[in-house]
Amino acid sequence: MTDARIAKLHGRRVWDSRGRPTVEVEVHLADGATGRAIAPAGASTGQGEALDLRDGGSRFGGLDVQRAVGSVNREIAPALAGRDAGDQEAVDRLLVNLDGTPDRSRLGGNAIVATSMAVLHATAASAGLPLWQHLAGGRPVRIPLPEIQIFGGGAHADRRVDVQDFMVVCPAARSFSEALDWTAEIYRAAGTLMRKAGKAQGVADEGGFWPAFDSNEEALEMLTLAIESAGFEPSSQVGISLDVAASQFGSGGQYTLALDDRTLGTEALIDMLGGWIEQYPILSVEDPVGEDDHEGMMEFTRRYGRRCQVIGDDYLVTNAKRVEAAATSGAANAVLVKPNQAGTVTESFQALCAGKDAGFGTIVSARSGESEDVTIAHLSVGWDAGQLKVGSFTRSERMAKWNEVLRIEESLGESAEFSGWSAFTFAGAEPSATKP
Ligand SMILES: O=C(O)[C@@H](CO)OP(=O)(O)O
Ligand SMILES: [Mg+2]
């Protein structure tokens, strides 16, 4: 007999991939099952996100992550003792109410999300199931299309280029494992091209190359060239996915490009991005304008949302209500799902479901500050998100997730279904945007 009541819950301070402290939570159930999870942390965070308590974060005025660990051990642990871990919604509701603030700033978003995810792991362990399978509950799932960073920029590379993530997607691959094979070839080809051109400077926060490019266009040129020189056909086999993360270089409809010291209004920024969509094999664009620029999101989606995935990240902050509003106003056609942005597993799932109900693409995503925690790999499969964004292909906190999906794919054997092009079935998409 399983007994999924929470017997013990413990928080501790561990370190993330940027060498900053974060929160780990360990849950023990009455039947002996355990679960463990580590909170990730963003650098380019949206205004509406759950707030972490962490060391040295300029936004948090020196508040210490030790306080978040204290929240777990002194307040959350006694409040959850004896509760049924299997009722994730009730656990998450209790966490939200216990905190009592709209932004989770009292107990700390990091304390809450790590607890929520650790409870989820313990429940799956109690049921004797891999986490993804526990989440799927018998419903059909697809192995997600990976979005993998080749060049870093923006807040992750000291603004060397304005765009934060230059990624590739391989929707024509036949499996997740093949998509990783292709990406490895492209990553190496990009490295060779950069070294030849004297443009390789190091490694950005998520493990992509830190480029010495002189323009965003130079990055797009070289990425397209890398796809070709690795032997793939741009667009029909491999596409480019961009996270513009425009809030990092503009607000109030004014955007200042670092490289040529130009300030663009919303229209001019959209024209510039539109020019890139015309010229390069771009299949997906995230946060094309600032998080406060609703009109800009609507305009960009109206103009390009039939041929290109338009993702809201900072704009939607994994919030179901915002997703519903964006669907109504036509201000995106896809949603990034980051558990620590929403605050709990339940709220993340609600945002994903709101996206699916609206016909949006759904992408489970890591943060720029990560760890060996692989929860999101399981969420992406178990929730049938279709896409998973984790960063690059070279750092172990990223590889931990990619390798976990490989294990899941292998465990499914012949029955594994890779999402491939079906990942881009966003509402209103032209056939050419969803088929090779
Ligand atoms: O903006 C994003 O999508 C993420 C990952 O690239 O970055 P951060 O975790 O810094 O918000
Ligand atoms: Mg983003």
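Every residue, even glycine, has its Cβ placed from backbone N, Cα and C.
Unlike curated entries, TrEMBL annotations are predicted automatically.
Taken from TrEMBL, the feature active site, proton donor applies to Glu206. In the three-state DSSP scheme, Glu206 (active site, proton donor) falls into the coil class.
As annotated by TrEMBL, (2R)-2-phosphoglycerate binding site applies to Gln164, Lys338, Arg367, Ser368, Lys389. DSSP gives Gln164 ((2R)-2-phosphoglycerate binding site) a coil state; it is part of no helix or strand.
Under the DSSP three-state reduction, Asp313 (Mg(2+) binding site) is assigned to coil, being neither helix nor strand. Residues or ranges marked as Mg(2+) binding site in TrEMBL: Asp243, Glu286, Asp313.
In the predicted structure, the domain 'Enolase N-terminal' (6-135) carries a mean pLDDT of 92. The domain 'Enolase N-terminal' annotation in TrEMBL covers 6-135.
Annotation comment: TrEMBL describes 140-426 as domain 'Enolase C-terminal TIM barrel'.
Using the Cβ center of Gln164, Lys338, Arg367, Ser368, Lys389 for (2R)-2-phosphoglycerate, the list of other same-chain residues with Cβ within 8 Å runs, in sequence order, Gly42, Ser44, Asp165, Glu206, Asp243, Asp313, Leu336, Ser365, Ala366, Gly391. Among the recorded positions Glu206, Asp313, Lys338, the ones whose Cβ sits under 6 Å from an atom of ligand 2 are, in sequence order, Asp313. Compared over the binding-site residues Gln164, Ser368, the count of CB atoms lying within 10 A of a residue's CB peaks at Gln164.
Asp313 (Mg(2+) binding site) counts 29 other C-beta atoms within 10 Å of its own C-beta, drawing on all protein chains shown.
In the three-state DSSP classification, Lys338 ((2R)-2-phosphoglycerate binding site) falls within coil.
For Arg367 ((2R)-2-phosphoglycerate binding site), the same-chain residues lying six or more positions away in sequence with a CB closer than 8 A to its CB are Pro40, Ala41, Gly42, Ala43, Lys338, Asn340. Arg367 ((2R)-2-phosphoglycerate binding site) falls outside any helix or strand according to DSSP and counts as coil.
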